[in-house]
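Comments concern the structure below.
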Amino acid sequence: RMFHDDELEESEKFYVGQPRVLLLIYALYNTLVARSEMVCYFVIILNHMISASMITLVLPILIFLWAMLSVPRPSKRFWMTAIVYTEVAIVIKYFFQFGFFPWNKYVDYTKDKPYHPPNIIGIEKKEGYVHYDLVQLLALFFHRSILKCHGLWDEDEKGDSSSNKDDTDDELSLTGGRRDSSASLKSVNLAASVESIHVHFPEQQTAIRRKSSSSVSQLSQRSSFSSHRSKRETVSVEPCEGCQGRSYVSLETLIISHSAFLLFSASYSVVKSHCGLCCFRTLQVYVPIRQFFYNLIHPDYSAVTDVYVLMFLADTVDFIIIVFGFWAFGKHSAAADITSSLSEDQVPEAFLVMVLIQFGTMVVDRALYLKKTVMGKVIFQVILVFGIHFWMFFILPGVTERKFSQNTVAQLWYFVKCVYFGLSAYQIRCGYPTRVLGNFLTKSYNYVNLFLFQGFRLVPFLTELRAVMDWVWTDTTLSLSSWICVEDIYAHIFILKCWRESEKRYPQPRGQKKKKVVKYGMGGMIIVLLICIVWFPLLFMSLIKSVAGITNKPLDVSITITLGGYQPIFTMSAQQSQLKDLNQTGFNAFLGSYRGNTAALQFLEGYGKEDITLADLEGNSNSLWTISPPSREKMIQGLLDFSAEFTVVLSWSIQRTLETVYPYYIKAPSDSLAKPIKQLLTGMYCRWENITVSLVKNVSEEGVREWWVLNQLGKRYKTSEESLELFIFSDKVSPPSLGFLAGYGIMGLYASVVLVIGKFVREFFSGISHSIMFEELPNVDRILKLCTDIFLVRETGELELEEDLYAKLIFLYRSPETMIKWTREKT
């Protein structure tokens with residue numbers, strides 16, 4: 001035990017013996033230390049989401065366009081920039097909190113205005129104006145301490161100084177000696193001899209590494225350190241191993257070969273020219289930025305990765321947020337929902353714009369992924385970062401007329417978009433994969449991938465859109481129909497491969513009957529599912545109104561009576577206090593009066609006391625009886641003629657001719673058709689109630705006025721005044737959230753649910769005999785490998801071989817005998 005240490009062993013035992021809660025705290029702290037830069041990013045983004053000002057906008061943009069794109073990690077310069085900027089922001093916010101500034105005198109009036117200049121800049125007076133900035137500064141200093149503890153804070157300086165002694169660094173010396181990598185272009189001795197630069201050509205490099213992010217601030221080239229200096233007007237090139245002698249290249253050829261030398265020579269010439277210091281300052285900013293993105297697009301090496309799936313999921317989450325929270329992106333749509341808007345054939349403009357923008361970015365991202373162009377991704381990242389921040393923090397507050405910090409849905413959308421920006425930066429930094437083979441769900445052959453892949457294929461138009469986009473942006477010789485054919489074959493073979501792998505994991509011995517667990521588990525579940533589908537409409541319509549139904553009580557009850565088609569003799573309505581609810585005692589007495597009447601009791605089973613409303617209508621008509629004298633005489637003659645029929649029309653929501661006079665019980669269903677309740681109006685216990693009709697004449701100085709008075713004879717609640725009673729039974733209606741399901745009734749649900757789902761189920765159980773040749777394949781490994789080979793040769797550019805393999809695949813499916821040979825079990 002050469003490396004045995006008693007103290008370390010005792011420390012390990014002590015650590016293992018600690019309580020689990022303490023171990024969890026240790027683990028969380030270690031995670032925090034390991035990802036301290038992510039904590040800083042999160043706090044900076046959170047601060048910007050809460051503050052939403054121009055002051056806090058700078059650091060999030062620098063995160064996505066500088067820090068996350070730096071290799072292998074953000075440089076010391078970035079962290080110092082973030083720390084200093086945060087400190088300056090805190091001082092500025094503190095300075096503008098004093099009350100002598102004019103805009104601080106009307107804080108309550110201007111605090112919710114999105115376009116108020118202090119609100120845009122971030123210098124408005126408010127409580128807790130600096131809390132998140134202090135937390136941000138604390139996180140930055142915590143990360144700085146972590147880097148110092150691990151020796152990473154001054155890593156670049158130490159690495160460069162040590163390379164002078166050990167001759168291990170391959171960076172170019174611009175001043176004849178080694179210089180600190182954190183030094184800026186300003187510190188370069190422009191009078192130094194350019195001709196003294198030693199260069200090692202790329203094809204002669206034996207060890208290539210990617211430039212670190214800190215080297216962006218200087219214009220340096222790779223070289224092998226040599227103790228010999230070159231002569232003027234020539235450049236000394238170190239020979240490779242096995243080569244003899246030294247080769248000399250002219251300075252002009254060397255500058256043309258290396259863009260960095262060209263930039264340095266240009267900056268040197270500009271300073272020497274009449275443009276002077278102004279152009280030099282511009283180059284100080286432009287050259288490092290250009291060199292940074294140049295190194296990003298043309299890396300010496302790249303650890304390729306593929307995070308497109310995570311980017312797609314982030315975009316999908318943003319898409320869902322837009323669909324269900326579209327009102328947060330519009331002006332006067334805060335109280336609306338997408339289902340009600342679409343049911344009224346209205347497409348909100350905010351919803352349409354956000355959906356099209358989100359979908360367009362997803363399509364562009366897919367195109368860049370298929371073309372594997374890092375430069376396009378960098379340009380798209382820059383445009384998207386500036387565009388999204390400009391839209392969310394300068395345009396959207398004006399559209400919604402509320403600040404971004406008061407828009408929770410927009411904040412959630414922005415946070416998910418920041419996750420997408422981080423993933424995009426990671427993809428740019430690592431580079432796109434050289435080969436894109438198949439769907440990401442087809443990498444493993446298990447039940448999870450199987451069901452997810454089948455769910456992916458069930459999404460309308462998603463499979464077709466993906467196939468067409470892949471064909472458009474992938475180099476291939478296949479036609480669109482052939483491409484779709486290969487994709488369909490590959491999907492079908494993948495599903496078969498998953499089932500065959502499951503059969504290998506859970507083998508069934510030959511001659512052994514199926515276990516009851518499998519039969520009752522799978523078969524029983526299918527039986528229950530089919531029964532639920534068949535009886536779902538009845539169950540749904542029964543439960544939705546009895547359990548989750550809402551009582552729809554009447555707000556107005558109107559009665560109109562017309563004699564023989566003449567002018568109405570009686571009109572009356574009941575509202576508010578005239579519409580009374582039954583108490584429990586009255587409801588029990590009401591049920592007791594129908595004891596023995598089976599039809600009536602069966603009807604009353606579906607109603608409670610809260611569903612019944614008693615309308616007490618005044619007996620005196622609320623309008624004078626205005627009729628012309630000829631019509632009056634004609635109506636009197638008709639009433640006196642007992643041999644002739646004289647109709648009495650009583651109407652509520654619609655006009656209806658009645659054999660008897662007064663219905664007394666009316667059912668108000670969920671639709672607009674109100675009708676009498678026959679179960680309560682027939683039989684020996686029930687009857688239609690009679691009413692008396694009398695004409696009242698009032699003679700005064702103004703003239704003769706007439707109106708009709710009605711009185712119900714068999715009222716349940718006796719009153720001395722002339723009046724009418726009317727019981728209204730209100731059916732429960734479905735909640736608004738489920739109206740789209742219950743709105744078409746039972747027959748509508750059967751047509752839309754049972755018949756449609758039944759069609760898919762019938763396709764699963766019928767037509768199996770026609771697909772035996774393609775379904776019952778014992779071993780699909782060879783076919784799966786053939787499909788994978790087609791993808792592979794396509795990615796490598798072997799398009800002629802792609803055509804040959806595709807022809808082989810088509811011939812395989814056309815030849816049953818060959819298919820049998822190819823799908824036999826391996827022996």
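Cβ from N, Cα, C; glycine included.
Copied over from TrEMBL, here are the features:
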- 213-227: compositional bias 'Low complexity' (COMPBIAS)
- 34-154: domain 'Piezo transmembrane helical unit' (DOMAIN)
- 305-542: domain 'Piezo THU9 and anchor' (DOMAIN)
- 155-180: region 'Disordered' (REGION)
- 206-230: region 'Disordered' (REGION)
- 14-32: transmembrane segment (TRANSMEM)
- 39-66: transmembrane segment (TRANSMEM)
- 78-96: transmembrane segment (TRANSMEM)
- 307-330: transmembrane segment (TRANSMEM)
- 350-369: transmembrane segment (TRANSMEM)
- 378-400: transmembrane segment (TRANSMEM)
- 412-432: transmembrane segment (TRANSMEM)
- 444-460: transmembrane segment (TRANSMEM)
- 480-499: transmembrane segment (TRANSMEM)
- 520-544: transmembrane segment (TRANSMEM)
- 738-761: transmembrane segment (TRANSMEM)
Query raised in the report: Any contact between the transmembrane segment (412-432) and the transmembrane segment (480-499), i.e. 3 or more CB pairs below 8 Å with pairs at least 6 residues apart?
Result: no
Query - Stretch with greatest number of CB pairs under 8 Å, the transmembrane segment (378-400) reference, 14-32, 39-66, 78-96, 444-460, 480-499 candidates - result: 39-66
**Report entry** Remote residues contacting the transmembrane segment (307-330) - C-beta distance under 8 A, at least 6 residues beyond either end
**Finding:** 336-338, 348-351, 353-355, 358-359, 361-362, 365-366, 369, 396, 399-400, 407-410, 412-413, 416-417, 419-420, 423-424, 426-427, 440
Requested in this report: Please work out which recorded stretch in 14-32, 39-66, 350-369, 480-499 has the most C-beta pairs separated by under 8 angstroms from the transmembrane segment (78-96)?
Outcome: 39-66
Requested in this report: Could you put numbers on the helix, strand and coil content of the domain 'Piezo transmembrane helical unit' (34-154), residue by residue per DSSP?
Outcome: 84 helix, 0 strand, 37 coil
Report summary line: Residues outside the transmembrane segment (444-460) whose C-beta sits under 8 Å from one of its C-beta atoms, at least 6 past its ends, are 491, 494-495, 497-499, 501-502
